[in-house]
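Here is what TrEMBL records for this protein:
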- B:Y129, B:Q190, B:N213: NAD(+) binding site (BINDING)
- B:S236, B:Q258, B:H261, B:H327, B:D360, B:E414, B:H419: substrate binding site (BINDING)
- B:Q258, B:H261, B:D360, B:H419: Zn(2+) binding site (BINDING)
- B:E326: active site, proton acceptor (ACT_SITE)
- B:H327: active site, proton acceptor (ACT_SITE)
There are 2 protein chains.
Amino acid sequence: MIRLDATAPGFADAFTALVEDRRESSTDVARDVAAIVADVRARGAAAVRDLTLRLDRHDLDVTGWRVDPAECAAAYAALEPGLARALDLAATRIRAYHERQKPADTDYVDAAGVRLGARWRPVDAAGLYVPGGRAAYPSSLLMNAIPAKVAGVGRLAMVTPTPDGQINHLVLAAAHLAGIDEVWRIGGAQGIAALAYGAGDLAPVDVVTGPGNAWVAEAKRQLYGVVGIDMVAGPSEIVVVADALNDPEWTAADLLSQAEHDVTTQSILFTDDGAYADAVAAAVERQLDTLATGAVARIAWEANGAIVVVPTLAEAMPLVDRLAPEHLQLAVDDPQALFDRVRHAGSVFLGRHTPEAIGDYVAGPNHVLPTGRRARFASGLSVLDFMKRTSFLGLDETALAELGPATVALAEAEGLPAHARSVALRLRLNR
Amino acid sequence: MIRLDATAPGFADAFTALVEDRRESSTDVARDVAAIVADVRARGAAAVRDLTLRLDRHDLDVTGWRVDPAECAAAYAALEPGLARALDLAATRIRAYHERQKPADTDYVDAAGVRLGARWRPVDAAGLYVPGGRAAYPSSLLMNAIPAKVAGVGRLAMVTPTPDGQINHLVLAAAHLAGIDEVWRIGGAQGIAALAYGAGDLAPVDVVTGPGNAWVAEAKRQLYGVVGIDMVAGPSEIVVVADALNDPEWTAADLLSQAEHDVTTQSILFTDDGAYADAVAAAVERQLDTLATGAVARIAWEANGAIVVVPTLAEAMPLVDRLAPEHLQLAVDDPQALFDRVRHAGSVFLGRHTPEAIGDYVAGPNHVLPTGRRARFASGLSVLDFMKRTSFLGLDETALAELGPATVALAEAEGLPAHARSVALRLRLNR
């Protein structure tokens, strides 16, 4: 953890270093992934089977390529009732929030008599990647699947690695709840490639979303354009802006809720009170000692954590904008005043009683958010990621007479005579 | 040009071959581009100067890095009046269409007392790539710049190659009209890298859009994630669905208006009348003989063109959906009936008096559209490409009491105890 004082000499350089520390994987996985993608494209199911045998140590022809929908239904039925209710509440609230994202079509006739508009339609099929192992989160499955369902996508195919054939039953329960149509036991870059190109009985999809490791992220990047993808995701981060009226234990837990995900995550506190900064730092140390995920969280906090003391919280906001954080908590009495100054953030958590964890599960907004300063230009996952827009226009003879001559002039100026001719013939101009 | 009959044996395979012929560049430019991008990232302006000297044969320190805004204003003032009026009409109509794309913010409190919403903001800076040479189109500049302006982007930086120092004055005039803030004499992959990372006095931008050759497209693909990009663009295509009541000369010109762009473009006619198909094919041949761009258009038509005769035009529509064309003309009396069956297309041109060229220039909808079957999942360029959405939520103690326990249950099930603790502490649960 580094501690910075915004009024100290050298702060500008130190803060710039913090902003520019991207924490992206330095491993060059691009070449490995390119080979896997090419193999799956060329050999289809045979390549997927070979890669799964090598990387996940099970034979798909023996363990089975797909998980039976009845197995997902059974996993859901077997959930502890409190957990089932929690998942149901999450699904209901996520659905309600995303319903409001459905875009409106437009269709109008303007003053020139031109019919104009845009029509939104869902993609035909979406593929969801769900990680196996430690990061097998049913909440992520809901966050990816429900927007696709709300968009109206007809077919949802999920791929997930089952190392040594083992599968996470909580994920299967969530797949049942979310209405996933197909669950495939395929992981890694080969899972992404199989979704994009198809493999055996797995038909290709149009959009691939979902979190994954560096291989999965690189495969999505390489296949962007063959399919649509949600985004290039990197390590996660949280920024907490808090005054001294917060309980330091609450703030410490908020910072650690990010740090416990992975050693590459980043937690940053901005506060206007040096003594409060001390109190939070001490609370983090105490909580790390008792946290089951403390080993991971400690590495993340020590390597990437930061506490920045600023003269006033208002002065923190331009600094926060430079970080363009994935998650931003504004733990003050009047969060709106600070929120009004925010230009770049994935999701904002307003007030002292809105810990980021609420947004991870049940609040409703999506928890798939732009990381690594990408909130400067990217948005969280939404219904729009599973839809596309077709524009349209229609002219009658009168409207063409009005717009045609300008089109002919521009086409000729650009050296495109067939463009000009397609209009001129209809206008009965002699060209 | 191939001619297919939907009722002939072997049609299914022949049509599938047509769908799967992607016409993408097979040149492997990825390695060259990676080297250029790494060089610009490492050495900044010095790399850009070296690359420009080598590739565009002029020294930026001599010719000047930027074009003076006064030079753009002068180019606009010097336009032939008819052409100036045409450009003005295009800009006005493009702006009016895109104004309707501005997304609405949401902000509401739900039944649980949770404040929820989403807030859209423009990116801080956008970079526009404008090709030099034959494909230097002022219309493309307007189509890229105006949505950014409508979005509210504060800074628009344009890069364009000026081979041997020569610049296209029509493009400068359009830059003035569109309100471009900075015009840089940098092209190719180095232009994209300079926008993404910054170079010398060129500050980095957040989103890069605009057409370009294979090097430019690959640079955008490689830098996706460092910046936002519009899309991966490939060769252009048009599908015309026409009955025998159309003048074959009109339809021939429509097909050639795509073919004249580039030898890789594709023009496909679907018709329900064999004799009409013959008449259009003959008209294409006649027009090719007199077209100034005939040499390019003939190669494209012969290599990639197709005429498909179908029993009824309604039966053409599932085939059109498989092509997911960039441009789709429905040249019939009742285009709406066919349009209702379209799921995948970039832009649709309704009726006999709506040639695609109208959409390229003055109608209003964007002419930057998904190519190569990408209309299955992608949309044309829009105001949204220059904006991003921040979700937000706010809970008070009562709302947290309602949603908190489910969050704790899910966090514990996922093995994330700090998430659970951040909520439990606020609920004064003993964990």
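Just so it is clear, glycine is given a Cβ too, placed from its N, Cα and C backbone atoms.
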Between C-alpha atoms, which of these recorded positions comes nearest to B:Q190 (NAD(+) binding site): B:Q258, B:H261, B:E326, B:D360, B:H419?
B:H261
Among B:E326, B:D360, the most crowded of the recorded positions [Cβ within 10 Å]:
B:E326
Recorded positions (B:Y129, B:Q190, B:N213, B:E326) in Cβ proximity to chain A, threshold under 8 Å
none
Site with most surrounding Cβ atoms, counting all protein chains shown within 10 Å, from the binding-site residues B:H261, B:H327, B:H419
B:H419
Here the 10 Å Cβ neighbour count for B:S236 (substrate binding site) comes out at 24
Are there residues of the same chain, six or more positions away from B:Y129 (NAD(+) binding site), whose CB falls under 8 angstroms from its CB, and which are they?
B:M158, B:V159, B:T160, B:G191, B:I192, B:L195, B:V208, B:T209, B:G210, B:P211, B:G212, B:V216, B:K220
Cβ contacts of B:Q258 (substrate binding site) (under 8 Å, same chain, 6 or more positions away):
B:S236, B:E237, B:I238, B:T265, B:Q266, B:S267, B:A300, B:H327, B:E356
Pairwise Cα distance maximum in Å, substrate-binding residues per record: B:S236, B:Q258, B:H261, B:H327, B:D360, B:E414, B:H419
56
Which one is it: of the binding-site residues B:Q190, B:N213, which Cβ has the fewest other Cβ atoms within 10 Å in this structure?
B:N213
Taking the Cα atoms as reference points, how far is B:H261 (substrate binding site) from B:E326 (active site, proton acceptor) in Å?
14
Measure from the CA atom of B:E326 (active site, proton acceptor) to the CA atom of B:N213 (NAD(+) binding site) and give the result in Å, rounded to a whole number.
18
Widest Cα span across the NAD(+) binders B:Y129, B:Q190, B:N213, in Å?
13
So among B:D360, B:E414, B:H419, all listed as binding-site residues, which is physically nearest to B:E326 (active site, proton acceptor)? Use the C-alpha atoms.
B:D360
